[in-house]
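**Q** Pasting a structure here, questions to come.
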Amino acid sequence: MSISFDLTIDDTRDQLARHARASLEAKPSLIGMSREEMAAALIAAGVPERQVKMRISQLWHWLYVRGVSDFADMRNISKDLRAMLAQHFTIARPEVVEEQISQDGTRKWLFRFPPRSAGRPVEIESVYIPEEGRGTLCISSQVGCTLTCSFCHTGTQKLVRNLTSEEILAQLLTARDRLGDFPDKDTPDGAMVPAEGRKITNIVMMGMGEPLYNFEEVKKALLIASDGDGLSLSKRRITLSTSGVVPEIYRTGDEIGVMLAISLHAVRDELRDILVPINKKYPLAELIKACREYPGLSNAKRITFEYVMLKDINDSLDDAKLLVKLLQGIPAKINLIPFNPWPGTNYQCSDWEQIEKFADYVNAAGYASPIRTPRGRDILAACGQLKSESERLRKSERLALEAMMIAGHGE
């Protein structure tokens, strides 16, 4: 039995108006800023330049080690400076609209972010998967997706917009809030908190959207997440999954340096063109070449290839043989993913016996090929099942919202 908590209380129309008025007075968030951006913002707000380096160090600790979401909780910063920071900036969390808890302990959150420009509030989903000895947070990078992979529920939701680095990090910060994963108020100020005992030990960019179509914001967020003076997640515990945006794959290794996962799902171009349509732009030969050239690739830093098992589509032993041949010489792990059904799909999951035969062949060829245990299926939190109700604003709605904002500004 799954548990669902609907955390909304406002009428949608009233909430839209409230967000529209708030956007007129929106303050920039310090969350998601690089140190250089934060320095410029603090100087512009009136912080003396000689103090900036110290203030950044203090803020970084409070935001990313202690996880505070209110300037008033920053106890080693003067009351006057806290008031000035609150006047110019925000560090607020997104609204948690709904929290669902699966029978297996998986948690899915629906987060709502305020509008940007003439947009509307948007919603995205994040998923926490607890396992023995580790806990993985699956993070979204876009609202919706452009890729329309035919087996993926998210692909049925048109792209609304990219998420900012703040919104990407906010998923991690809010999840840690909900799980009690930040230190309590009795922890001494300035203390670095050990990683042992953390509920979130790994993050995967495998939620809604294609991360490499939002490269700069994803890069900024992941560099902050892996910063040793803050959230301090090892880059070996951060995995970025792409459907194959070839030009950005090398940049991912060179500029971010995290683990790479490829949503492969087919070993023949004619089939992958259907399952993962970006293959028409970047076919298998180009994708595999980019993987072979991934910076830092080694047995200690393998690429994960994700392969959803679709009955009578891509699950034959011939497919397994072609898969081994395709990846020959690449340090790799192959995750076999039983297809997770969603409303309206025409695909079926491969029979378990067939999945095991496929896995046995790949294993015998020297590639680790674990069969992923489906998690959170009962709350549509499993791989390929995420989707929110956010849509791109129609022109008539955009004009109405702009009028509402103008009216609000005149109050």
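Each residue, glycine too, has its Cβ placed from N, Cα and C.
So Swiss-Prot has the following annotated:
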- CYS383: active site, S-methylcysteine intermediate (ACT_SITE)
- CYS145, CYS149, CYS152: [4Fe-4S] cluster binding site (BINDING)
- GLY209, GLU210, SER241, SER263, LEU264, HIS265, ASN340: S-adenosyl-L-methionine binding site (BINDING)
- CYS138-CYS383: disulfide bond (DISULFID)
- 131-380: domain 'Radical SAM core' (DOMAIN)
**Q** Show me the subset of CYS138, CYS145, CYS149, CYS152 whose Cα is within 10 Å of ASN340 (S-adenosyl-L-methionine binding site); these are the recorded positions I mean.
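**A** For ASN340 (S-adenosyl-L-methionine binding site), the recorded positions whose Cα atoms are within 10 Å come to CYS152.
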**Q** Which residues of the same chain, at least 6 positions away in sequence, have a Cβ lying under 8 Å from the Cβ of CYS138 (disulfide bond)?
**A** SER126, VAL127, TYR128, ILE129, ILE203, VAL204, MET206, GLY207
**Q** Using Cβ-Cβ distances, find the residues under 8 Å from GLU210 (S-adenosyl-L-methionine binding site) that belong to the same chain and are at least 6 apart in sequence, listing them in sequence order.
**A** SER141, GLN142, CYS145, THR146, LEU147, THR242, SER243, VAL245, ILE278
**Q** State the three-class DSSP label for SER263 (S-adenosyl-L-methionine binding site), counting H, G and I as helix, E and B as strand, and everything else as coil.
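**A** In the DSSP reduction, SER263 (S-adenosyl-L-methionine binding site) maps to strand.
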**Q** Between SER241 (S-adenosyl-L-methionine binding site) and CYS149 ([4Fe-4S] cluster binding site), what is the CA-CA distance rounded to a whole number of Å?
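**A** Each residue's Cα considered, SER241 (S-adenosyl-L-methionine binding site) and CYS149 ([4Fe-4S] cluster binding site) end up 14 Å apart.
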**Q** Taking just the CA atoms, what is the gap between HIS265 (S-adenosyl-L-methionine binding site) and CYS149 ([4Fe-4S] cluster binding site) in Å?
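**A** Cα-Cα distance, HIS265 (S-adenosyl-L-methionine binding site) to CYS149 ([4Fe-4S] cluster binding site): 10 Å.
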**Q** Between the Cα atoms of CYS152 ([4Fe-4S] cluster binding site) and GLY209 (S-adenosyl-L-methionine binding site), what distance do you get, rounded to the nearest Å?
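**A** Here the two Cα atoms lie 11 Å apart.
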**Q** If I take the alpha carbons of SER263 (S-adenosyl-L-methionine binding site) and CYS149 ([4Fe-4S] cluster binding site), what is the distance between them in whole Å?
**A** 10
**Q** Residues with Cβ closer than 8 Å to the Cβ of LEU264 (S-adenosyl-L-methionine binding site), same chain and 6+ apart in sequence?
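**A** Spatial neighbours, sequence-distant, of LEU264 (S-adenosyl-L-methionine binding site): ARG272, VAL276, PHE305, GLU306, TYR307, LEU323.
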**Q** What does DSSP call GLY209 (S-adenosyl-L-methionine binding site) in the simple three-state scheme?
**A** coil
**Q** For each of the binding-site residues (CYS149, CYS152), count the other CB atoms lying within 10 A of its CB, then report the residue with the highest count.
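**A** Comparing the binding-site residues CYS149, CYS152, the most crowded Cβ belongs to CYS152.
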**Q** Restricting to the domain 'Radical SAM core' (131-380), what is the model's mean pLDDT?
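**A** The average pLDDT of the model in the domain 'Radical SAM core' (131-380) works out to 91.
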